[in-house]
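Encoded as structure tokens, the structure appears first; notes follow it.
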């Protein structure tokens, strides 16, 4: 892709998200979401592969549907209450439609079916943008409208997402689909806290972005998109393979890694609020996700690729990819748990 075109698209991505962040009017927020969607579509379709074109078309149709629902909810709220302000969506019908549309936009279950298919059809780099940056603007809107949304709707979306995210990834062999289901499960943890403790949602979002970025950059570095190719990753980057195991366990939420921090804080907050059954259910669903992370870690570190292979084994060669971002996110994805009190103090 032409570097000038690429820079314009990336600036538009940043502009769309920033516009949604700073807006208090529904039309401005909707405009920011639309700029975001239109900017990432050429990035998704740049491979000119049938799967990429299919994924781009699916993504466009889903995002257009969600945007139309948001505009409908905002205009209906203005008609009923005379308010275009995002924080003044007081009518239960409009708040429910808006929350459902935003859930569709980010891929919360049961509105998640597009996400694994779209992520499977695009490159790892574009998948990284789709899994991290594209979640920021809708989650910001969910946080602003959460106080006017029925708690049962948010809790149902959250618990369904953690369950589907864990269950859906169990039988997958495609790494991009596994990361898509991982994204759905993590989004469930975030949405659960959006009403009672928005700070927890922010902490979960930051740690999710760090860990997911580290996972995508690692897979991009070792050029792996299937579980079967993980067995030969040690031949290309032995030390990175060992660290990738820690990144996966961090995504699963095991102590003493960074991924344990948001889960620990969220379960603690749920227990303090007297929601012990909810805390128990969401902790049990986290075990489903942990299983497929452990399966990936096993394929990566405890298996050898077969000796009789039809393909040429990619032996260790010097990579020309920049590794600064990978090194930084890997450190952050594994080592932040001890400074949890400091992070909590800074954010509060």
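A Cβ is built for glycine as well, from the same backbone N, Cα and C atoms used for every other residue.
TrEMBL entries are annotated by machine, without manual review.
As recorded in TrEMBL:
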type     : residues : note
DOMAIN   : 23-288   : domain 'NADH:quinone oxidoreductase/Mrp antiporter transmembrane'
TRANSMEM : 57-80    : transmembrane segment
TRANSMEM : 92-115   : transmembrane segment
TRANSMEM : 152-171  : transmembrane segment
TRANSMEM : 178-196  : transmembrane segment
TRANSMEM : 202-222  : transmembrane segment
TRANSMEM : 234-254  : transmembrane segment
TRANSMEM : 274-294  : transmembrane segment
DOMAIN   : 290-343  : domain 'NADH dehydrogenase subunit 2 C-terminal'
TRANSMEM : 324-347  : transmembrane segment
Interface check, the transmembrane segment (274-294) with the transmembrane segment (57-80), three or more C-beta pairs under 8 A: no
Result, the transmembrane segment (92-115) in contact with the transmembrane segment (178-196) (3+ CB pairs under 8 Å): yes
Paired segments the transmembrane segment (202-222) and the transmembrane segment (152-171) in contact, 3+ CB pairs under 8 A: no
Residues of the parent chain within Cβ reach of the transmembrane segment (234-254), under 8 Å, 6 or more residues beyond its termini: 182, 211-212, 214-215, 218, 221-223, 260, 262-263, 286, 289-290, 293-294, 296-297, 300-301, 313-317, 319, 326, 330, 333-334
